[in-house]
Amino acid sequence: MYGRDPWGGPLEINATDSATEEDRSRNLQDLDRAALSRPLDETQQSWLLGPGEQKKKKYVDLGCIIVSRKIFVWTVGTVLFAAFLAGFIALIVNTIPRHHHKHPPPDNYTLALHKALMFFNAQRSGKLPKHNNVSWRGNSGMQDGKSSDTSSAIKDLVGGFYDAGDAIKFNFPASFSITMLSWSVIEYSAKYEAAGELDHVKEIIKWGTDYFLKSFNSTADTITTLAAQVGVGNTADGSTTPNDHYCWMRPEDMDYERPVTECHSCSDLAAEMAAALASASIVFKDNKAYSKKLVHGATTLFKFSRDQRGRYSAGSSEASIFYNSTSYWDEYVWGGAWMYFATGNSSYLKLATAPGLAKHAGAFWGGSDYGVLSWDNKLAGAQVLLSRLRLFLSPGYPYEEILRTFHNQTSIIMCSYLPVFTSFNRTKGGLIQLNHGRPQPLQYVVNAAFLAALYSDYLDAADTPGWYCGPNFFSTDVLRNFAKTQIDYILGKNPRKMSYIVGFGNHYPKHVHHRGASIPKNKVKYNCKGGWKWRDSSKPNPNTLVGAMVAGPDKHDGFRDVRSNYNYTEPTLAGNAGLVAALVALSGDKSTSIDKNTIFSAVPPMFPTPPPPPAPWKP
């Protein structure tokens, strides 16, 4: 048997121990002479000679690598020193007080948003919450609906919002306001949350929907009566009967009768209130019990709007004077779309996309007011809302044709907002004249700014860089820039260098046409005529109506800050709702996109209905 000689040669190992002592000694001497014939390394000497005096090694065997002892000692020392130094620095960093980088200041849109929402706090009727944060307001309208000769189903109309500078509660513009606020929350909840206003705006919406649920029998499946208005204000016939326009009183001091106006054939009002409750049900989808209550109420209202056809303002002197409705077809499209999103019931989508309905609503032709979203005409909003459905869900047959038409019409509306087109004039200061120079222009401007910013975000979310106006292509930034220029005008970039939002900036209206803001809270109750001195005073309002957007300038950029001229200085719920929606759309970081999914939370998965099969083949 042969083994490996550690010196490289063969080493014979005898299987037996028959060699004599002399032979072993001779062999060992031969082995020693062979070993000494060449130098041996330390390992070999140690193996051969056994323990003895050893020299200090000049290298270190790490198993996989052999390195110089000096290099090894230097490397280990360096690592230990570096570790000690790093630990020392970390200790200093953790010990010294940190100086946090300040977040950039909020943009003007966010600052204005905080104030614009406060206006709704000042407009609250009923028993106010402790955190209302408007020091000069208190409980009011606590007998609304209780003493009036109303139907048995409607006995309590405490709550809701006063419409403008007076104390009338008009359900038609109020429900449009709640729909607009709900729409903005559905799309931009992340921006509201970033601004710290999500809970606030939801509380405002609920204040409105709680009141709407009181205005009809919301637990029933079928109704025949709906409250349209609380209070009256017609003074055209020279009547001196105390009412909400003849008297100038703080809402807390009202002591005159406030009649309730009911309607039995009011498709426009009922469909708009249904839209408000339906959109709010999506806002409150996490509160299942309340959301379900809102959906049921919306379903009842929309059924009522279809069963009892008619305009709510027909034959009503009050409604026709202040908030006259021109038709109810646009409310059918608008309300039907919101009902579909709230319920997922395709029958509502079939109604909202019915060509006959769209034709009656004026969807297929223009006109001087085409594309102008307002408390009266919701067609432009409905078309944008249904374009959203096509962009993100694309339900296909049998809806595609009408949805494509709505989408094309939306593109035309957006083109009409641009300065290169002549659909609408502009003031020298750049304010678009959506109401063609008539008074109170800002409420229409803010709605258009919201639609433009929102549609721009829709296109961005759909990875679409822009849209065509005829042969010309425009980027989404052009739409957003339109919205910014219009809101910037309202915030102060105008020839008068004046903000049209009370409390924003250093120069804003001080004589707002508003009863509560113009009368001091001094423990004195001024009667119906006693408050006239405050109405007619040239002094600024003693109370600041924070966040109120006034009616706005004239077509020459002129503005008169006088309390007596409501065409300049009166704010409204509908105007501020559009303002809030536009501000939140423009606020914050543009990278915070819309919420594409929440609005579809009740919509079942889309499985397009296949087209009808072709006729059987015949030879």
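Note: Cβ is positioned from N, Cα and C throughout, glycine not excepted.
Curation does not apply to TrEMBL; its annotations are automatic.
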Which range of 1-24, 121-144, 505-528, 553-576 is region 'Disordered' in TrEMBL? It is 1-24
Cβ atoms other than its own within 10 Å of the Cβ of HIS513 (active site), all chains, total 26
Note: in the chain of GLU570 (active site), residues six or more apart in sequence with C-beta under 8 angstroms of its C-beta are ALA164, GLY165, GLN440, VAL512, HIS513, HIS514, VAL550, ALA551
